[in-house]
Amino acid sequence: MKNLQQRGHLLTEQVNPNSHNLDQLSSLELVDLFNQEDKQTLKAIASSRLQLAQAVDMTTKALSQGGKLFYVGAGTSGRLGVLDAAECPPTFCTSPELVQGIIAGGANALLRSSEDLEDSWEDGNEAIASHNITNLDVIVGITAGGTTPYVHGALEGAKQRAAKTIFITCVPVEQFSIKVDVDIRLLVGPELLSGSTRLKAGTVTKMALNILSTGVMVRLGKVYGNRMIDVAIKNSKLRDRALRIIEDLTELSRDEAEELLNKSGDSVKLALLMHWSNLKKEEGDRVLSEYQGNLRAAMKNVSFSTE
């Protein structure tokens, strides 16, 4: 690793020539400048499309074989990983263990700045050991500037356990190189406020994590068309969404959809299979289990298919 005390060469630390007069702009000019600069995030995602697709495929394979997905980061990068992981259970009805976020400083760092904790390579390495990482798992190291010791300690620990590794950063390989399975470079350029990587770097990182986690869940069969058929029904909003999905896909009335959802044990996926195949709940559960929860695959192998 390069000398961590000298980071001025990194793209994320450089001065943005478009914002040299940032403190003299009107509020509207500030908004317009942010809007203009944020367009770089879309370009960065487009430039990394092949690597992102590779990450989706590799992670899908790992999770389908019993592995887990771990995001590791410090500061903003760590919080974004925790955020994405926390959204998977309600969106895709996954267990909290399937996708996890590991942040330097633990839960306290989610609420209070803990920048000093990112400098410990050993803490990152120990975090991997404490989570019992195996060769079935995928570790995503997230560091906007590329050099965070905590993240590199975690990645090294992952490699020692033969886990798959993904690196997400906002600096080019010429400025910082690393050996991982998938290397994703989201080059959004210098920040409007020099060095404040919670801005464009944070935005583009969230976009990449959105693509990774959602892409994996789509590939695992937790989506039918563009419908959230594995939604965990935990409140009235999500129950309404579940009922609307059933209504839209089956043309049942609201009351009929409610009855079907109740019979399925509040599983949209199972409710749809029961309706389309005339299977009872127990048999539907068995069929879905046989096809690893993939509704479309199950429907191709039962009678009364809608295909």
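Numbering starts at 1 and runs along the chain as displayed.
Heads up, the Cβ atoms here are built off N, Cα and C, so glycines get one too.
Pulled from Swiss-Prot, these are the features on record:
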DOMAIN    59-222  domain 'SIS'
ACT_SITE  Glu87  active site, proton donor
ACT_SITE  Glu118  active site
Write down the Cα-Cα distance for the residue listed as 'active site, proton donor' and the residue listed as 'active site', rounded and given in Å.
24
Among Glu87, Glu118, all listed as active-site residues, which has the most CB atoms within 10 Å of its CB?
Glu118
